[in-house]
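According to Swiss-Prot, the features are:
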MOD_RES   2  N-acetylserine
BINDING   49, 71, 72, 179  Zn(2+) 1 binding site
BINDING   50, 204, 205, 206, 207, 208, 209, 228, 300, 301, 302, 325, 326, 327  NAD(+) binding site
BINDING   101, 104, 107, 115  Zn(2+) 2 binding site
């Protein structure tokens, strides 16, 4: 990192979303110096997630434009503001959309990985002081996104929204731990706490669903049923540890429902099911496929604005449980190091999710990759921005 840039604005290339349903504009912006309790990061690698596409689609009620999207990113700290003690210039880091201040009632409860420190301002697309660090060539302010904004050569985040990692961990893989991989893996290990011999079903087998599958396999689940309407996902599901694959459009008997199919396959239902689709009908199916008396269904997928879930109360009265999971229940600053170690020793697959690589200037094509049945993650390299 150059000392010449410390404390000064930096001009760099970013992908700006000016409006919903429009291509991102790859252009030069100005990134202000970090203020107190803020960190400026040179993003080395970033990936495109369905959440970015969801906001760009205009369906996100918290979506604000213009903004710099991106929340799966890793890089190197360029400079820090006053009173930052957790990271320093030169550190290899991952940006965190789920902050961890360690002081709020959420962090001190021991019950959740949610944090209240920056939630209000993060949802408004600004830094904790209510202002933005991004400006376009016309001097117009640009909103932040999920406290990360990794679709920029440089970004500024709150010091509670970044974690230093082992510099030996390759950043192109590490960036995926900023969302999808951690979300699914953590949901299996922390939220559900899958145990040896448990039966598991995963609805939706993208990066999050496959990460649930590998977490369940690591814990020794006896049956892991992957459910997806895209047969191209079958090979990935097997690779990450699924024992069975069901395509609801092809593998059900006449008039049979997916719930009936799963109950038939598991002698009464599953110990754990995971919804990774965001489809509220599938959320209901996932719950009702759980075993009476103890089955738990974990909701990971984010539904569209205004959507509601429903089931017959008897499903819950008879012992089934609905739970939610954000970022896999993982506390980003205190527990990310453990995930990095799992990756380094081979217990957690990460690089296997990188099916596509592109230079940053092809970011709009990377969004198109998401709709390709063969794509799990497209990783963009910052050095190839210009």
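Cβ atoms are placed via backbone N, Cα and C, with glycine included.
What Swiss-Prot annotates, mapped onto the structure for a quick look.
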residue: 50; record: NAD(+) binding site; CB count, 10 Å: 19
residue: 72; record: Zn(2+) 1 binding site; CB count, 10 Å: 31
residue: 101; record: Zn(2+) 2 binding site; CB count, 10 Å: 18
residue: 104; record: Zn(2+) 2 binding site; CB count, 10 Å: 17
residue: 107; record: Zn(2+) 2 binding site; CB count, 10 Å: 21
residue: 115; record: Zn(2+) 2 binding site; CB count, 10 Å: 24
residue: 179; record: Zn(2+) 1 binding site; CB count, 10 Å: 30
residue: 207; record: NAD(+) binding site; CB count, 10 Å: 23
residue: 300; record: NAD(+) binding site; CB count, 10 Å: 28
residue: 326; record: NAD(+) binding site; CB count, 10 Å: 18
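Put simply, 326 is the one of the binding-site residues 49, 72, 207, 300, 326 whose Cα lies nearest to the Cα of residue 115 (Zn(2+) 2 binding site). For residue 209 (NAD(+) binding site), the same-chain residues 6+ apart in sequence whose C-beta sits under 8 angstroms from its C-beta are 184, 202, 203, 226, 228, 274, 276. Packing around residue 71 (Zn(2+) 1 binding site) is summarised by its Cβ count: 25 other Cβ atoms lie within 10 angstroms of its Cβ, all protein chains included.
Shown are the binding-site residues 49, 205, 302; of these, the residue with the fewest other Cβ atoms within 10 Å is 302. Apart from 49, 71, 72, 179, the Zn(2+) 1 site neighbourhood in this chain, defined by C-beta within 8 angstroms of the site C-beta centre, holds 47, 48, 51, 52, 70, 73, 97, 146, 148, 150, 178, 180.
Spanning the residues 50, 204, 205, 206, 207, 208, 209, 228, 300, 301, 302, 325, 326, 327 that the record associates with binding NAD(+), the maximal Cα-Cα distance equals 22 Å. According to DSSP, residue 101 (Zn(2+) 2 binding site) is assigned to coil rather than to any helix or strand.
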